[in-house]
Structures are given as C-alpha cells and as structure tokens.
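Chemist: Pulled these from TrEMBL:
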TRANSMEM  26-53  transmembrane segment
DOMAIN    41-296  domain 'G-protein coupled receptors family 1 profile'
TRANSMEM  60-82  transmembrane segment
TRANSMEM  102-120  transmembrane segment
TRANSMEM  204-226  transmembrane segment
TRANSMEM  238-259  transmembrane segment
TRANSMEM  279-298  transmembrane segment
Amino acid sequence: MEKTNDSMLTEFVLVGLSAHPKLQTVFFVLVLWMYLIILLGNGILISVIIYDFHLHTPMYFFLCNLSFLDICYTSSSVPLILDSFLTLRKKVSFPGCMVQMFLSFAMGATECVLLGMMALDRYVAICSPLRYSAIMTKGVYVPMAAGSWVTGLVDSMIQTSLAVQLPFCTNNVIHHFVCEILAVLKLACADISINVISMAGSNLIVLVIPLLVISISYIFIVATILRIPSTEGKRKAFSTCSAHLTVVIIFYGTIFFMYAKPKAKASAGADNQDIIEALISLFYGVMTPMLNPLIYSLRNKDVKAAVKNMLTSKQ
C-alpha cells in the first residue's frame, strides 16, 4: 500500500473477481455487451422522445430523465468495472475513488427519488384523468424532476464528504468492482457511527420515503382500476403504469437489499459475502439500466410508433 509522509492513503486496490480469472473474462464480455445495449437503448429512447412532439408529456419527460440518468450512472462505474476485469489488482487513486463513489451514489439516489415522482405522475393520470393536464403542467413536472436531481446530488455530497474525512490506515483493498460506499466504509480504521447514522438518514429520504410514495400511489391506482366497469378499460389503465411498476420492483429489489442495513465493519472471513454483495451490486448497476428502455418500449405503442415515424422520415 502506498502512503505519503503524513500516512494519508493515496490509493485503493479493487479486487473484484481477481480470485476467479475465468469468471473475469466471462463477466468482461457480458458487462461490455450490456453496457453497449444501455448506451444504444437509452440513447434511442431519449432521441425518440425529443424527436416526436406527441411524446412531449410529463410521463415521457420523466422517462427521458430516467434514461439519461441510467447512461450517467453506468458511465460513472462500468468503465472502471471493465478495467478491473482486465487487471489482477486494479489500483485507483484516493481522489479518483471518491469522485467515482460520489457520482455513482448521486445517480442511484436520484433514480430512487425520480421513480417516486413517476409514481405520483401515474397516480394523477389514473385517479384524476380529467384533471391531469391541469395538474401536471410544465411548472409542476419540471421542478419535480429537478428536485430529484438536486436531492440525489446533495445526499451524495453529504455521504462522500463524511467518507473523505475518515482515516484509512493499513487496509486499502476493496472487495468490489468499484468504489462502492459501503465497501469503502468497511476499510476505515476509525469509528464510523456518524457515517452509519448518516446513511440511515439517507436511506429514509431516498429509499423509504419514495417507496412509501410509490406504494400508496399504487394502492389508490389499483383501487381506481378495480372500479372501472369494462375489462378493456382496466387493461388500458393498468398498461399505462405496468412498465413503471416493473422497473420499481427490479430496482428496489436489489438496491434495498444493499443499502437498507449499512454495516459497520466486515469480519475477517467475510470475503465470500463481499463477493456476493459485489455481484448483486453489479446486477443492480448494469442489468436495471439495460432493462429500463426495453421495458418501457416493448409494450408501448406510442414509443413504437414514434420510432417507426423517425426511421421513416430519415429514409
């Protein structure tokens, strides 16, 4: 481990799957393939939404933000993950690690809040369809999206600034693919109770509260759909929010497992658990952004029509 004269840590070592070289090759190809799909799928979705004025609605505005967010999130971590697969022990400078941790945490927190905002949008659309245009004006949904970004960035700034102040003495080996905040906190050689309390507050703001908003919104949405007399009406109403609900289940199913219970420090024999958590983090960080554009477009007639129109006009 490299140190300066004042014993301050200057770099971290990312272990990842270095103990499993065959798996590294497989995961490199898999993650690279998924990253290209993420860039292509979300890029096309953003272009289609901007191109077709019929999609200039609050729902697609939020979706455009979600796609851009997924591109930013994966671009802040996937290149480092791919690089770690190519080297036995990937070294990352302390400032570089903190920057990458800040960006990844900010994008993840922003997506949590944004999914809650999208649930509110679907609640108004299903439960108050006649007043939807009057309620969800540009002066409402733009600040909602902006608030999601500000919340994520501020939350990440707080968590990262607290982590930067911690001393890291002897162990600089991160059992992860990237500088994930919980993996970094485990290496601190000081009391991290303040960080744990801060993370608990962060969980409440960006995980629990948005999840409560989503849950309550869908309780009212389901109740409203059940009151629709016709089967066709129920199907159309549910189809407008089924994609969002699917994304929420996939997203929260992995991220809540990772961050709901921040740990103080890992025990000496917890390497296998670290690898499992790293793989779950990899699934959350790559699989979900890859699935989002597919989920929102495969069964969406508006998006399909917009893609067809865009391709036809270019031809």
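The backbone N, Cα and C atoms fix where each Cβ goes, glycine too.
Help me see these features in their spatial surroundings.
Modeler: Beyond its flanks by at least six residues, the transmembrane segment (102-120) meets 59, 62-63, 65-66, 69-70, 72-73, 76-77, 141, 144-145, 147-149, 151-153, 155-157, 159-160, 178-181, 202, 206-207, 209-211, 213-214, 217-218, 244, 247-248, 251-252, 255, 285 of its own chain at Cβ-Cβ distances under 8 Å.
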Chemist: Within the same chain, where does the transmembrane segment (60-82) have neighbours whose Cβ lies under 8 angstroms from its own Cβ atoms, ignoring anything closer than 6 residues to its ends? I mean 6 or more beyond.
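Modeler: For the transmembrane segment (60-82), the far contacts come to 14, 16, 28, 31-32, 35, 38-39, 42-43, 45-46, 49-50, 90, 92, 100, 103-104, 107-108, 110-111, 114-115, 117-118, 121, 141-142, 144-145, 148-149, 177-179, 247, 282, 285-286, 288-289, 292-293, 296, 302.
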